[in-house]
């Protein structure tokens, strides 16, 4: 595959956020395409480009897989996903020449900068009522134990475990020479939580070809649910505002007695955080006096790496040091990661009166009359996930004049709540509405805020004046009595919004795979 080297990009997203791109299958185009990159999103920051083709997701070659299957892999990848990407021109050239693109190539990239080869991975799981969600298998004449039957969405899958990963360690103990029964017993004895060190097939081959032994000291921590915290503090007139103490029967140096309104509190330090490093230098093996002196020597500014109790216990379970996290993410020359980028100061916005801000947290009631060109919007949905949203609103069309906008979330169709309805059901309701349609929708941001507050979204949130904010297209006026009667109808409780990945099936595809996209006529 010389001349067709893919890039390996790892993306991390914040809970409730997306990877910042659409994954599409388009008529007349081969492969799974990257489209609609979100400016400042993790994909754009990492160097993905419009038209790129995704060859692998999490080490699995996907170029020949059904689009719906690839979409599910991305959606179920958790907070971090690794992609093998090939530019559009080389991809088309390779396809034209019949080149086998499944051969492993390329170096990992984070925010557009090449890194070393992929690493073994630490994966931490807390058992759910359904268990961990994986099985172990051994292969005759092949060393080690391998992951199989990893259930999508299970604790194992969310922890970063994938089919064919080879198991190296259980809770910090090497198991490469252990029998199947011995490892199963170790996992059972671990109780309700366990830390694995695993290696995927491609990375395994790389290290074996170099005759390199693998252990937790080489591991990536990007799949771990609990993260150490880098705390940047500037000394105030009364110092940093905390004490560093030793605790009885506990190893390490602990943050205590944080003063109110102190630099320590403002920077995010918490009571009983354990100090791991000062200005990038490990202090876990230092005496208490040495650790205190390192902070004093920092002058007026210092950077502390700390772990809370939960994170500390997780690392100790795997017999790993939190310094792995610092070593992996300390390169300050890289552009900010997505996690860091979202913490950057937001642009100053003009102040908005409190009353006006509250007014914005409302849905919209959009009434429209069908024209010869239809209503003029697409209804999008994700297979297996409830919730429909508006896309491709035609400028000047009935939907546009009624106030519908791209990414509006559909709450009601002609007075019926559809948040838990399937895509086909909602499309059928719209088609059955005749020549007029009434939709209660909410901007995505408004929808999310209302759901976070536990507010059920109905017309009652509109208030009488809001009815006049939408285009009526010669619809007869509704009397106040009729409107009150309509508002007093019993509405089903609206469940919390189902999680949605921001990837979409293209409207140009002739196949309804993975994602739904319906033009409403």
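Including glycine, each Cβ sits where the backbone N, Cα and C put it.
TrEMBL has this to say about the protein:
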- 8-89: domain 'PDZ' (DOMAIN)
- 122-202: domain 'PDZ' (DOMAIN)
- 230-310: domain 'PDZ' (DOMAIN)
- 365-445: domain 'PDZ' (DOMAIN)
- 473-483: compositional bias 'Basic and acidic residues' (COMPBIAS)
- 473-521: region 'Disordered' (REGION)
- 491-504: compositional bias 'Basic and acidic residues' (COMPBIAS)
Local confidence of the prediction over the domain 'PDZ' (365-445), expressed as mean pLDDT: 84
Please count the residues of the domain 'PDZ' (122-202) that DSSP assigns to helix (H, G, I), strand (E, B) and coil. 16 helix, 29 strand, 36 coil
Counts by DSSP class (helix H/G/I, strand E/B, coil) across the domain 'PDZ' (365-445): 16 helix, 34 strand, 31 coil
